[in-house]
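**Student:** Annotated domain 'Succinylglutamate desuccinylase/Aspartoacylase catalytic' per TrEMBL: 44-230, in sequence order. Per TrEMBL, the feature Zn(2+) binding site maps to 53, 56, 150. As annotated by TrEMBL, active site applies to 213. The domain 'AstE/AspA barrel-sandwich hybrid' annotation in TrEMBL covers 252-325.
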């Protein structure tokens, strides 16, 4: 049986670029890019991506497991589906990225960088998504979804959370219900455009898109998948057209809005967030979060929580987000 992860990690030419089972047709569209089409009419086109950062192994393992179940016939396919392993070069290195963070490059932003593996791959993924949604629309699959699976660099008070890109149209109630059923602890609503893969799919293709953060980056084979049974079951129902699973946790999904983007713009930038602080660590009004020449970042709300604090980003890039509950 075709093994998406093994073939992608091996690199080189693919000896079996297309095939079929009793219920679906599949086609290798390029390195780490596999399209699956059911042999029954459907009205939904789904993109599931993982490995945009090569050392984020839980999502890669989940995606590959689901692909295997579909190809083996163990699971039915009821949507047109594009499976993407985002950054094979950095996956082989077991590094977050080879040259630069790809998840800041989408929407054509890769043109702002010196050409490298990530800029070329970002452009290739944009083209693969465009081709997929175009062909899916021609086949009658008009409802578009995109879920980009990640893990965080550091631990989190909310182990499973999502990030919704900025969009001017109403949020999809179907997607919000799905995210809740998957057992997400928290959902972050962006306030500004960005170079993420999900912002690209939402803005350009009007897909209902969400970045899913699943735990902390660990080596292949070291992940505790029991933490992510809700996500796994949610993905299974998504591609199989089954009813949503019941939310396993009794706590409701929390909603946060971005209230500050902390940008490192000077060499003397200093982030006053402990190196061992978890994502969603709270700070009180007036506390200094970061400081550099000409700029001090303070907590403006009664309480704000920090997300993705990283003082080591390049100049001009975001060193963290501050969030407030909605």
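In case you wondered, yes, glycine gets a Cβ from its N, Cα and C as well.
In terms of burial and nearby residues, how do these features look in this structure?
**Tutor:** For residue 56 (Zn(2+) binding site), the number of other Cβ atoms no farther than 10 Å from its own Cβ, over all displayed protein chains, is 27.
Other Cβ atoms within 10 Å of the Cβ of residue 213 (active site) number 27 in total over all chains. In this structure, residue 213 (active site) is part of a beta strand by DSSP.
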**Student:** How does the model score the domain 'AstE/AspA barrel-sandwich hybrid' (252-325) in terms of mean pLDDT?
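**Tutor:** It averages 96.
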**Student:** From the Cα of residue 213 (active site) across to the Cα of residue 53 (Zn(2+) binding site), what is the distance in angstrom?
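**Tutor:** Roughly 12 Å, rounded to the nearest whole number.
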**Student:** Using all protein chains in view, find how many other C-beta atoms are within 10 Å of the C-beta of residue 150 (Zn(2+) binding site).
**Tutor:** 26
**Student:** Would you mind checking how many other C-beta atoms are within 10 angstroms of the C-beta on residue 53 (Zn(2+) binding site)?
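**Tutor:** Its Cβ has 24 other Cβ atoms within 10 Å.
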**Student:** Any idea what the Cα distance is from residue 213 (active site) over to residue 56 (Zn(2+) binding site), rounded to a whole Å?
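**Tutor:** Computed Cα spacing between residue 213 (active site) and residue 56 (Zn(2+) binding site) is 10 Å.
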**Student:** Could you find out if DSSP has residue 53 (Zn(2+) binding site) as helix, strand or coil?
**Tutor:** coil
